[in-house]
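Working notes, beginning with the structure itself.
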Amino acid sequence: MVSRFPKFSQGLSQDPTTRRIWFGIATAHDFESHDDTTEERLYQKIFASHFGQLAIIFLWTSGNLFHVAWQGNFETWVQDPLHVRPIAHAIWDPHFGQPAVEAYTRGGSAGPVNIAYSGVYQWWYTIGLRNNEDLYTGAIFLLAVAALFLLASWLHLQPKWKPSISWFKNAESRLNHHLSGLFGVSSLAWTGHLIHVAIPEARGGHVRWNDLLTTAPHPQGLGPFFSGQWSVYSQNPDSNTHLFNSNQGAGTAILTFLGGFHPQTQSLWLTDMAHHHLAIAVVFIIAGHMYRTNFGIGHSMKEILDAHIPPGGKLGRGHRGLYDTVNNSLHFQLGLALAALGVITSLVAQHMYSLPAYAFLAQDYTTQAALYTHHQYIAGFIMAGAFAHGAIFFLRDYDPEQNRDNVLARMLEHKEAIISHLSWASLFLGFHTLGLYVHNDVMLAFGTPEKQILIEPVFAQWIQSAHGKVSYGFDVLLSSVDSPASNAGRGLWLPGWLDAVNSSNNSLFLTIGPGDFLVHHAIALGLHTTTLILVKGALDARGSKLMPDKKEFGYSFPCDGPGRGGTCDISAWDAFYLAVFWMLNTIGWVTFYWHWKHITLWQGNAAQFNESSTYLMGWLRDYLWLNSSQLINGYNPFGMNSLSVWAWMFLFGHLVWATGFMFLISWRGYWQELIETLAWAHERTPLANMIRWKDKPVALSIVQARLVGLAHFSVGYIFTYAAFLIASTSGKFG
């Protein structure tokens, strides 16, 4: 018999229905559930797949470099970053008529092209790339690295090169390797690149492989380093009149603590960033020498955790038993990693616009909007995944005996208190915030806008003032001219900080008012509700009052039959499924807020946001409707323009999003009827009927249909907003 998909499951591969295909796809990456799997094989497969993942990332980055070098305008852009539009790649499309060809021929290109809104041009420019040859070199190098990683992936699946299970569970060695080797040494290498290549390039020099070892990045070379006079490296920084990419106004410092932004590029000082990476390198290289491996010195993670016991009171056994629980559970480790990565990704979104590291990024409004939105959505999905794997940990890997009375067990024991507090916070935020918005709407509708309830965010304004923002008149800490901190700051540390905080040219500390107060609490509602659903799903994964035996049913199940009430829609998977809708909803509010506040600032029209954001009609009319006008009229009987593709994507995104409801509301999405109709027509068509459909179409399971519905809802939602964001921003600012 010919082996059929999925090879990893004997039972599924013999299923005569379309369930075989659906369940095969659903469990393809659930290595734990595959036939003949062992713990060792599981670890080896995951290890090899990491190399494959890295190879894909390097291939993708290589493709970016290659296509810009081949079809972009990097060298032209470098001459005038503020006025030349960066080209991502050419468009070859047989459907383009003459109007489309003309509309998409821009940025000095000979034919239709896509404009880059990813910020890669600014990134490459900042780190010292200047011409197409540099881009090609980078592309070829990354291609070689990708090939190397693919080879490593294959190699580590060969019998002689398979790592043992004990190697994978050697937590201290892995910590040392990741801290010192990956974070520490790579930060040191990046410091080296910034000092030897990027900073000289920014000052009009040109350093490449042929003169890298002969060009000293500082006039005094390594002398100050060996003599202990490190402060020499911070003397004579670039002046405020420095022209980026030239020696006009350039200094000689390589490690500084200036603070604020380069006045021309509106990005962080390169010498500050080199200093930052050097500090990170030192800290992490030291951190990577702290854990005990072959040499019998340093800390043992197990001893550290076992020592974490409350000194008295009825506080249980602290972190006892956690070492083995974490070290033997891939889901626990993945949950921790995803939670950390999710937070970091969201922080990247926040910092890329408030403290831009790349030259001229702050003046490329569409790119800023795209990068913020992109990183916030990615963060949302990653964070939801953290809770999903946390729930799977409780179902598959949690051992109550091993964790008796430690922090994990105690968290499960008082889960009702955790869940009810989250519920209370969500209800409070929801009713009060909506109440304020609706009250304000009614006042405007009845012609008495002065009766709105407008609350100044005084605590947040006070915090901004403490950090040096003077416009609120609080006169506290750094915003007080008499405080020792603000006096020291002007000379000793970060002298550029106070200027940056009080400048209107950046997004560092935006002025906030009643509209910000309201939307802040709307976002807080979304965050708390999403967290409530996810936390409840994980904490109730093993069992709840309604269903104490839930852990026998696994991660996802629709119901326990018709005879047992209260068992529907309460699996841990269902919590994840519901939470993703709330996550998307919350990030919708976050990105709406960010985008509307910024376009009004960029247009010099901050009053529009301040006046219209205090009631819901303001958001619907003055943000969504007003900014979608170009999309709604993107192509019409009189022709099209360079926004037409976004107008089409806006429409298409709505279509995909709406398709989700076919699966979400009627549950099964008519899969059985659809496929049977297609198969019937296929088998009655000459030539086509030579190939016959063998799998009997059966209705999607409830869980499958929810997944398909959720996937369409998410993809459509993001497509729609991406088109709206890019078109409305690029339509205004070019």
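Backbone N, Cα and C define each Cβ position, glycine as well.
So that you can see what the record holds, here are the features copied from Swiss-Prot:
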- 46-69: transmembrane segment (TRANSMEM)
- 135-158: transmembrane segment (TRANSMEM)
- 175-199: transmembrane segment (TRANSMEM)
- 273-291: transmembrane segment (TRANSMEM)
- 330-353: transmembrane segment (TRANSMEM)
- 369-395: transmembrane segment (TRANSMEM)
- 417-439: transmembrane segment (TRANSMEM)
- 517-535: transmembrane segment (TRANSMEM)
- Cys559, Cys568: [4Fe-4S] cluster binding site (BINDING)
- 575-596: transmembrane segment (TRANSMEM)
- 643-665: transmembrane segment (TRANSMEM)
- His654: chlorophyll a B1 binding site (BINDING)
- Met662, Tyr670: chlorophyll a B3 binding site (BINDING)
- Trp671: phylloquinone binding site (BINDING)
- 707-727: transmembrane segment (TRANSMEM)
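Against the transmembrane segment (46-69), stretch 135-158 shows more Cβ pairs under 8 Å than any other of 135-158, 273-291, 417-439, 517-535, 575-596. Cα-Cα distance from Cys568 ([4Fe-4S] cluster binding site) to His654 (chlorophyll a B1 binding site): 30 Å (rounded to the nearest whole number). Under DSSP, Cys559 ([4Fe-4S] cluster binding site) is assigned to coil, being neither helix nor strand in the three-state scheme.
Taking the Cα atom of each, His654 (chlorophyll a B1 binding site) and Met662 (chlorophyll a B3 binding site) are about 13 angstrom apart.
Between the transmembrane segment (575-596) and the transmembrane segment (273-291) there are fewer than 3 Cβ pairs closer than 8 Å, counting only residues 6 or more apart in sequence, so the two stretches are not in contact. Cys559 ([4Fe-4S] cluster binding site): 16 other CB atoms within 10 A of its CB, across all protein chains. Annotation for the residue listed as 'phylloquinone binding site': same-chain Cβ neighbours under 8 Å, separated by at least 6 residues, are Thr18, Pro697, Ala699, Leu700, Ala705.
Listed by sequence, the residues of this chain that lie at least six past the ends of the transmembrane segment (707-727) yet keep a Cβ under 8 A from its Cβ atoms are 26, 117, 366, 369-370, 373, 377, 577, 580-581, 584, 588, 591, 595, 627-628, 630-631, 634, 643, 646-647, 649-650, 652-664, 669, 700. His654 (chlorophyll a B1 binding site) counts 15 other C-beta atoms within 10 Å of its own C-beta, drawing on all protein chains shown. Calculated from their C-alpha atoms, the gap between Tyr670 (chlorophyll a B3 binding site) and Cys559 ([4Fe-4S] cluster binding site) amounts to 21 Å. You'll find the Cα of Cys559 ([4Fe-4S] cluster binding site) roughly 21 Å from the Cα of Met662 (chlorophyll a B3 binding site). DSSP assigns Tyr670 (chlorophyll a B3 binding site) to coil in the three-state reduction, outside any helix or strand.
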